[in-house]
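Participant: Starting off with a structure, shown below.
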Amino acid sequence: MGSSLSIFASIWNRFFNNAEYKVIIVGLNAAGKTTTLYKLLLDEVVSTTPTVGSNLEEFVYRNIRLLMWDLGGQDLLRSTWNQYYINTQAVILVIDSTDRARVNLIKEELFKMLAHENLKKSIILIYANKQDLKDAMSPTELSTLLSLHSIKDHDYHIQACCALTGQGLESGLDWLVSHINKS
C-alpha cells in the first residue's frame with residue numbers, strides 16, 4: 001500500500017506541482033557555465049562556444065522545476081547580468097578554479113551581485129570547477145580568497161566540481177534544491 005501511495009504522490013507532484021524557481025548561472029568567461037548546465041541537464045558533455053546573451057533550459061530535479069538561465073561571462077555581457085535578477089531565487093556561480101589571475105575580478109562580481117536589491121533573498125551555490133586539474137584551488141582556498149566568510153545575508157555553499165566528469169555537480173544541486181524553498 002505504501003508503495004502505491006508513493007507512486008501516486010510522485011505522479012501528483014509531477015503534474016500538479018507548480019513550484020518553479022528561477023536560477024541564473026553566472027561566472028567569468030571560460031569558467032564552464034554552459035558545460036555545467038548541459039552536464040546537469042543531459043548528463044553529457046556538449047561542444048560549446050562562448051555564450052553570447054543567454055541560454056534558457058527547464059530542468060526538473062528531485063520534483064523541483066528549475067528555469068536555468070546560463071548567462072554569458074565576457075566583460076561586455078557581465079554588465080547585463082542585472083537584467084536577469086528579477087524573481088531569481090538562486091544564483092549558481094561557476095568559477096574556474098585554475099584562474100588565479102582573475103580571483104579578485106570574480107570576487108568583485110560576486111559582491112556586486114550580493115548587494116543587488118533583486119537578489120536579496122537569493123541563495124548562492126558556488127561551483128569550484130575544474131578540480132580535475134593539478135593547479136586548481138581548493139574550495140577552502142577559494143573561500144578565503146573570495147572572503148566568503150563575510151557573506152551574512154545569503155545562504156551559500158561552495159562545492160568542488162568538475163563539469164566534464166560531473167563530479168560534485170549533483171551534490172551542489174542537492175544543496176540548492178534543499179535550500180531554495182527556504183529563500
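Every residue, even glycine, has its Cβ placed from backbone N, Cα and C.
So Swiss-Prot has the following annotated:
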- 27-34, 70-74, 129-132: GTP binding site (BINDING)
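Context for these features, please: burial, neighbours, distances.
Facilitator: The Cβ of Q74 (GTP binding site) has 13 neighbouring Cβ atoms from other residues within 10 Å, across all protein chains displayed.
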Participant: I want to check the contact list for K33 (GTP binding site): same chain, sequence separation of six or more, C-beta distance under 8 angstroms. What comes out?
Facilitator: I25, V26, G27, T51, D70, L71, G73, V94
Participant: Among A30, L71, the binding-site residues in question, whose Cβ has the most other Cβ atoms within 10 Å in this structure?
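Facilitator: When each Cβ's neighbours within 10 Å are tallied, L71 leads.
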Participant: Of G27, Q131, the binding-site residues given in the record, which has the fewest other CB atoms within 10 A of its CB?
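Facilitator: Taking G27, Q131 as the binding-site residues, the minimal 10 Å Cβ count falls on Q131.
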